[in-house]
Amino acid sequence: MLRARPSHRLASAAAVVAATGAALLAGSSPAAAATCSDVDVVFARGTGETPGLGVVGGPFVRSLTGELSDRTVTSHAVDYAASSSQASAGPGATAMSAHVREVAAACPSTRFVLGGYSQGATVTDIALGIRTGTTTGTPVPAELAGRVAAVVVFGNPLGLSGRTIATASSTYGPKSKDYCNSSDSVCGSAPKTGTGGHLSYASNGSTTDGARFAAGLVRAAGTPTTPTPTPTPTPVPTTCVRDSTRDHVAADRAVSLYGRAYARGSRDSLGATSSYNVVSLQQVEGGWRLVTAC
């Protein structure tokens, strides 16, 4: 759970983001097109930012699109309030996971890159099933975890508790990267990855580096495979013949061995080869078997 002091830091950082957002806000990429893309980037903006990808998400998506120039890349800005109270992170996580579920169902070959900045990183944490102690939301279903190729977050408040996604999630940790600048108090004691403060991720190379990281994992993941339906076996025509033992032998439905007849394949005993007793044989895969009647 976030302590009172870190919450003040978050509020202060949020005010700075809101005040400078108009100057720094990058244009959001278009939402996912009607046709399915190879990669869909789902990004949550920071506290107080204008709806869209935000000051960090925009540059990150542009860099990732450039890194994956041989693939189709779409982006989706998570629709949530990004309020200063941080309580909107839970509903934001629910919105993020809902988008992943919707696209995954419609586009079985699409891979996802999830990410967020500041409170948007908390949105991402919760969507990955990480308990943050601030609010709750609906995570991405476990069965879709394999469709998420990479997770990249910037200025993640999870660092205030000394954690990163890599240490908090065994499922998503190996394919995640947390960026926390040396002077960024919002991400607390998380390992430092670059210079500057909470507003420097788009200008200090973090978004470019994060895009390279995500692109590498997207390429390594390949294309999701759609399970091949199990073919319905072709029914074997059922034939049943009622005849004398000797006639079954004559028709090769039975074999004779030392004066006794046996159904071909199953070796069911039919009695003496020369017998005129009438018995029923049913055709099965690989031969015939003795049945009570046809």
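In case you wondered, yes, glycine gets a Cβ from its N, Cα and C as well.
Annotated in Swiss-Prot:
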type	residues	note
DISULFID	Cys36-Cys107	disulfide bond
DISULFID	Cys180-Cys187	disulfide bond
REGION	240-294	region 'May be involved in substrate binding'
SIGNAL	1-33	signal peptide
SITE	Gln119	site 'Transition state stabilizer'
Among the recorded positions listed here (Gln119, Cys180, Cys187), which has the Cα closest to the Cα of Cys36 (disulfide bond)? Gln119
Given the disulfide-bonded residues Cys107, Cys180, the candidate whose Cβ has the fewest other Cβ atoms within 10 Å is Cys107
Given the disulfide-bonded residues Cys107, Cys180, Cys187, state which is nearest to Gln119 (site 'Transition state stabilizer') when distance is taken between Cα atoms. Cys187
Quick one: what's DSSP say for Cys180 (disulfide bond), helix, strand or coil? coil
Rounded to a whole number of Å, the separation of the Cα atoms of Cys180 (disulfide bond) and Cys107 (disulfide bond) comes to 33
Quiz question: given the disulfide-bonded residues Cys36, Cys187, which has the greatest number of C-beta atoms lying within 10 angstroms of its own C-beta? Cys187
Between Cys187 (disulfide bond) and Cys107 (disulfide bond), what is the CA-CA distance rounded to a whole number of Å? 35
